[in-house]
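Working notes for the structure below.
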Amino acid sequence: SQNFPGCSFICSTAAWLCAFLCPIKVQMPALSPTMEEGNIVKWLKKEGEAVAAGDALCDIETDKAVVTLESNDDGVLAKILIEEGSRNVRLGTPIALLVEEGQDWKQVEIPPPDAPVPPATHAAAAPVAPPAAPSPPPLPKPTTSGPLRLSPAARHILDTHGLDPKLATPTGPRGLITKEDALNLLKKSPALEATPVMAAPPAPSAAPRLAAAPPPPGSRPNIPPLSVPGKPGAPGTFTEIPASNVRRVIAQKLTQLKTTIPHAYASVDCDMAAVMQLRSDLAKEQIKVSVNDFIIKAAAVTLKEMPEVNVTWSGDGPHELDSIHISIAVATDNGLITPIIKDAANKGVQEISANAKALAQKAQDGKLLPEEYEGGSFSIFNLGMFGVIGFSAVINPPQACILAVGTARSELRLREEDQTLQTQQLMTVTLSSDGRLVDDGLASRFLDKFRVNLEQPQHMALA
């Protein structure tokens, strides 16, 4: 630089240009293990505002909840690339640009989007003409002249593919065209099989047209036209409802779970008289707890007594867990989510109640953190408040079981001790268990011990 006075100026200018041309990209992050895309709910910083590491940039709706994205760098928010309300933003997509302090953030250069990689081609390879498609075999000539007799399945196949029933060869009794006859005709018409005939709208014409002849009495109606988006309530139309990320992931997971996990089900009725009496006694002392809080406690205590049920399934087999974390299903506008009561076996009912209320409120507000709904060992799904008597729930992997809880109901039953009738408050619970981890015998023993713990709450450590 001493020999060349302009060298230092050139170096500093080059460094400035490098910083100018290379802003810091803020990309859509993976905020949950199953997240593939996210929605930008709200930007918490404006363009031109200073940002420090750890500052909240924006709220992002994942497949689980709304999570606040924090900045990893210091600088100035130069450009918001994805506006509020944008949906289905893929992971890794740039959503904003940061520049270092002191730089002119208004002059930031927006990088071009990543171009898709074209498929590999060989320049020297000569274009190969596609082979000529074989001409379809000629359709058979009509074989029937009298009234046609079709089975329902044959009529459906022929109407769907636009085939003339008179071309089919009847093999059924008294000239009946069977399903096999319709399929044989369809095989002889490959062009129609590949592209079913769709009813196209008639071309406009100024010439008057004759009204279509009414169908003969007693004939079956034609297949209705395909539904298309249109005005609500109009015949043959429907209204599209955009699916949220949470709803889309729930649909994918439920389909996967019901087809890959061997579900087994077992139910038992629990007498809730002791729990109801204990709740009444606690209410007199201004301690308000719900029936579901006792259910959570009973499930946790039962898991502590039967650790062989407190297991999860992974790729290499079962894993026995050291902790008992109970997941509780909470219904939100976007679907179900399962916040976790951690270390439930060592908590009293009152503490469980406080934790459950706080988590349920955060779930409704979409403010659950990932560590508050991931990693449970056992799930409870209670629909008793809606009057549901009994149901079965889908297992939440990698957990082994989920307990479906119905409403408490009054029933008149015969006492075996003195053969007298008495009214009981019964509640049906159904255990869905993964057959790879919990067999039917183990599930039955678990339900029996759970019922005993719930019917004798004084035996559980309530404090």
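Yeah, the Cβs are placed from backbone N, Cα and C, and that goes for glycine too.
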199-234, 343-378 - the range that TrEMBL marks as region 'Disordered': 199-234
Candidate ranges 38-74, 112-148, 297-333 [criterion: TrEMBL lists as region 'Disordered']: 112-148
PLDDT averaged over the residues of the domain 'Lipoyl-binding' (23-99): 89
